[in-house]
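Below is one structure, written out as structure tokens; comments come after it.
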Amino acid sequence: EADLEKRLHELDLRSDLDVPDIPPPTDRTPEILKRALSGLSARWKNWWIRGILSLAMISGFFLVIYLGSFMLMLLVLSIQVKCYHEIITIGYRVYHSYDLPWFRSLSWYFLLCVNYFFYGETVADYFATFVQRREQLQFLIRYHRFISFALYLTGFCMFVLSLVKKHYRLQFYMFAWTHVTLLITVTQSHLVIQNLFEGMIWFLVPISSVICNDIAAYIFGFFFGKTPLIKLSPKKTWEGFIGGFFSTVVFGFIFSYFLAQHQYFVCPVEYNSETNRFVTECEPSELFQIKKYPLPPLFQAVLGWETVNMYPFQLHSIALSTFASLIGPFGGFFASGFKRAFKIK
């Protein structure tokens, strides 16, 4: 017991200073933008750069939405791969694991295995007609889980064979790092795509609420922020958090009203095997049909209305926006803590 306590004490003495420095990324702001903003203070320069890039990214997002659900799925998948790559690369740098045999290849192999399992299930569920017409795919679908398990076991055995004396602990660190990264990235992207198949509105309202909350919190914090919110993110303020909350709820309510009017957004995404295209045509459910709701007495006195017409989904949007406002920022706090833990700018 004394020996165990001594070891734990030694571990406690290890600080974040033990983590090697990682060079910060270079400034990639376009030269034309640098020259245009050269006369501004650093604070306002950051404001304009963030604003311009945000508008560009939102415009690109609208373009992907216009191109359809399949392009949205590819966008989610590409973001998943990019996130996985960035987190795994941090692990390589921090744990100096570049020289470990097979490990870079094994990390990507496990990503392929997990994606094969999740997306194979999706293909079996949503592309059943397409699969039934192709005999060579029926075997893969029939034994999909067994094949997935066999693929994972192959990677597991390759990991054991790659173990090198004096590097065991480091290799198991990276093995755990890889699996936690898979849990964070692949599971989330899979669930996002499942939402997308239920109708684009179930994808767009939550995603847009998080985006709106982030932007609104930044704007309110920029102009009115004085009270620090959390030590992990010194620039985050209570004023930004509260302003972002109310802005997001209002945005979600209005945005969902617009989306609920169009079948393109509310109908489940289905694959048409005859045309080889995704279709979004249906009779909208009751969630997306206008209903009359009585107002509470207080609102009746203030507004002079007894009832209001709206879509039932708008009530869902309030819950989704509230969740995005209260829980969404913790994703940013998590990222801030992660960056500080590994000295990443």
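Heads up, residue numbers simply count up from 1 along the chain you see.
Quick reminder: no glycine exception, Cβ is built from N, Cα and C everywhere.
Just so you know, TrEMBL annotations are computer predictions that nobody has curated.
In TrEMBL this protein carries:
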TRANSMEM  47-79  transmembrane segment
TRANSMEM  100-119  transmembrane segment
TRANSMEM  139-161  transmembrane segment
TRANSMEM  173-193  transmembrane segment
TRANSMEM  199-225  transmembrane segment
TRANSMEM  237-260  transmembrane segment
TRANSMEM  313-335  transmembrane segment
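Highest Cβ contact count with the transmembrane segment (199-225) among the listed stretches 100-119, 139-161, 173-193, 237-260, 313-335 falls to 237-260 (criterion: pairs under 8 Å). Across the candidate stretches 47-79, 100-119, 139-161, 237-260, the maximum count of CB pairs under 8 A to the transmembrane segment (313-335) is reached by 237-260.
Here the transmembrane segment (47-79) has Cβ contacts under 8 Å with residues 29, 33, 37, 40, 189, 192-193, 196-197, 200, 203-204, 211, 215, 218, 222, 269, 278, 280 of the same chain, all six or more residues outside its ends.
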